[in-house]
């Protein structure tokens, strides 16, 4: 039986590219910026990284680029003395064999776990049955060379929401060790974290939304942490929320008034700044990495069909002033941690 990843805070990192050349249709990977960002996060104390996930534009990368990205960041972590930092590798394929192949290549490059996105191409054109989805995930898990986490992200899967009955069934598979829930249905978070139908020692629940970390960690024994994009530039704040929330949960709420006030203030401020990611997604995360951390990641946003990224139209660069107060509030917390 596979072992779940350690509880804690994971960062789904963006993939950084070199500046856009209009004479070409894509940009090479910027591994210098990628490594600088990886080591910043490792120094902050994060539990792990998600590479080639949805934030990492996995669907815009070639198989060779995926392997190069994982291999380079694994090497940087080991060389930097952070070999304990976990690497999850995302998959976003509709095909079982391709998914199994991506996982095998990711393992060879240095990944520890596979974060497997729900197949969804026909979700709104004929639809998928629960039996079909169950058999798809089971086939992947049976043949995966890495332990699998189920990735439920309706916003990028034609609004396909995996049912509780399906999730409970998948949780019993010996090679499925957890899930990432990137949606706002806290009832599903709570049930999957606390139902007695799941062995919570082997199946861990992560929220994909940092604004839900405090309520998740107070919900049940299966609650593990967050895999959250805002932690790409404010990792210490989310780590502090995680640590305080775990302490409160372990003490059944019997902590000081000051600790309650601190975690409420941190969660509120963090939730305010999460509205940036809600509005701008991946290109917003890249712009915040550039603005907050000063890492030179350019202003192109991402690969096509992302167009003009952070600098175009009403994109994040043009909207920064509207969010400045929220960012400065969390930067103030971050600087004290």
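Using the three backbone atoms N, Cα and C, a Cβ is placed for every residue, glycine included.
Since the structure is predicted, the reported quantities are computational estimates derived from the model, not experimental observations.
Feature annotations, reproduced from TrEMBL:
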type	residues	note
BINDING	55, 227	pyruvate binding site
ACT_SITE	151	active site, proton donor/acceptor
ACT_SITE	180	active site, schiff-base intermediate with substrate
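Across the fold, the C-alpha of residue 55 (pyruvate binding site) and the C-alpha of residue 151 (active site, proton donor/acceptor) stand 13 Å from each other. Residue 227 (pyruvate binding site) falls within a strand when secondary structure is assigned with DSSP. Shown in sequence order, 115, 149, 150, 151, 152, 153, 206, 207, 208, 227 are the residues of the chain, 6+ apart in sequence, with a C-beta less than 8 angstroms from the C-beta of residue 180 (active site, schiff-base intermediate with substrate). Cβ-based crowding with a 10 Å cutoff singles out 227 as the top-ranked of the recorded positions 55, 151, 227.
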